[in-house]
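Residues or ranges marked as domain 'Response regulatory' in TrEMBL: 3-120. Feature annotation from TrEMBL assigns 4-aspartylphosphate to D55. According to TrEMBL, the feature domain 'HTH araC/xylS-type' maps to 430-528.
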Amino acid sequence: MIRVLIVDDEFLVRVGLKTIIPWEQNGFELVGEAANGAEALHILKQQKCHIVLTDIRMPNCDGLQLIEEMKTVAPQAKCLILSNHNDFEYVQKALRLGAVDYILKLTMEPEELLEKLNQLKASIELETVKTREDSQLKYKMTKYGKEAREKRIRELLVKQNSTRSDVEEVMREFNLQPYQTPIYVVNFQLDHYNEVLERNKFQSERLLHFTVANILTEIFKKYGEGELIEIENGKYSIIVDRLQESMLYEVQEAVAAFLEITISIGVSAPVQEILDVHQGFIQASEALSYRFYESEGAFIYFEHIQEVEPGVVQELWSDDDWERLVEKRDVAGLQNKLHVGYEAIRSGPKSNPEHMREAWVHLVHILEAFARKLGGDLYSVPLHGSMYPYHAVRSLERIGDIFLWFHGWLPVYVDQIKLFSNQQYRPEIQAVINTIKEQFDQPLKVSELARKAGFTENYLSVLFKKETSETIMDYLTRIRMARARELLKDQAYKIYEISEMVGYGDSTYFSKMFKKMEGVYPLEYRKLYLGKSAS
């Protein structure tokens with residue numbers, strides 16, 4: 001609706017104007033009436049109005065004064081003048097002041113008034129559309145300009161071998177001020193990022209990033225520092241030429257206060273030239289990775305890291321005590337040995353977190369080997385905390401989390417070892433197991449397996465779970481993933497080919513299921529395996 005205000009000092013004129021045309025039927029809303037310019041200005045200050053239909057000659061602020069004042073009070077409103085034959089000089093002045101048109105009171109017909117109002121209405125609607133489009137264009141230009149700037153700076157941080165001309169081009173293109181050397185790269189990581197997303201407090205990942213970026217950017221402005229760059233998965237970076245610890249602590253405090261989450265910080269060594277900013281980013285990332293040994297909200301300098309040799313880490317789990325304790329089904333002994341190893345890690349020098357994760361993978365290998373001796377494997381041990389051992393080692397953020405996971409999982413593991421020792425299935429279930437092992441690469445259905453076994457689908461599902469402690473589909477997935485792990489060790493096969501070879505037509509779904517069990521996607525698993533094979 002186009003909102004209209006009627007202004008005239010004659011009561012009968014105002015009544016006539018209100019009744020001369022069907023306002024609402026033609027898309028107009030009368031927002032009020034005023035006897036003079038002063039009353040009109042009061043109304044305009046209170047509510048939005050598109051058209052002011054006003055007389056010129058009025059006491060207490062005439063039409064000319066009203067038009068002048070409207071430039072400040074309601075600049076978007078358009079004035080249509082009501083005049084008499086002897087008001088022509090006033091009309092000219094009103095038009096010069098900004099009135100858009102006029103109409104003669106004495107000869108005015110409803111059709112003429114409606115025509116002029118419709119012309120104004122069309123003009124206003126066109127302007128509204130243009131204003132909206134201009135606003136959207138301005139927003140997009142700002143947004144895309146910011147995104148382009150962030151992308152180019154992100155490339156300098158993340159990509160190797162940027163040339164001096166690359167750096168100078170970015171600085172010139174986005175009018176960035178030269179940094180005073182030495183500079184520092186500071187990386188920020190939201191702690192327990194995936195858990196924060198799962199809680200869904202922020203409705204979407206994009207909204208979470210927007211909120212975090214706003215908080216950090218405001219703090220950086222306060223300290224006169226540079227531009228925040230979003231990297232990925234809750235990780236952010238900034239280049240600074242003044243390392244102000246108070247600013248970094250304020251970031252942690254603000255994120256905790258406003259978002260109720262923690263953020264860890266890694267700081268590079270001083271970088272002597274902007275050309276070496278990638279080196280600074282790598283150092284800040286490595287410093288940040290050592291939050292693995294710290295509690296949430298860690299603050300780590302690259303220069304404070306003292307790394308030990310990988311071989312020292314492997315020795316933590318290198319003796320035969322684990323197998324002896326498993327043979328005895330000694331849960332308390334296993335948990336105690338785990339605790340002793342964990343305390344040795346906490347109190348000793350810290351190795352590269354990736355090397356430490358591999359030490360825990362080595363422990364999983366020890367426990368898996370014993371399970372295999374009994375004809376089982378770790379993937380038939382029930383999930384603990386919605387994770388399998390390899391997934392826990394590779395995805396939990398901190399060593400304390402890994403320790404607690406294993407401490408809770410060991411009793412579950414020992415219970416399953418007891419089942420492996422007494423494992424004898426009734427013939428029908430063994431036949432189903434044999435079918436799955438032989439035909440896992442085909443699109444097996446529980447209904448077909450049940451038909452072959454001579455059972456209903458529901459009865460077979462219940463019986464299989466009772467005998468094996470897992471569902472038919474979980475068992476099928478476990479067999480498929482075991483084969484996938486073997487195939488991934490051969491670089492001749494592409495991921496989608498392996499997906500088809502183990503019974504999955506959709507390689508995306510295959511990758512998702514693989515990550516659920518292993519904690520990494522198939523391609524990452526292959527890189528990890530090949531990396532260990534090469535060393």
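Glycine is no exception: its Cβ is also placed from the backbone N, Cα and C atoms.
DSSP places the residues of the domain 'HTH araC/xylS-type' (430-528) in helix, strand and coil in these numbers: 73 helix, 0 strand, 26 coil.
The Cβ neighbour count for the residue listed as '4-aspartylphosphate', using a 10 Å radius and every protein chain shown, is 24. Helix, strand and coil counts under DSSP for the domain 'Response regulatory' (3-120) come to 58 helix, 27 strand, 33 coil.
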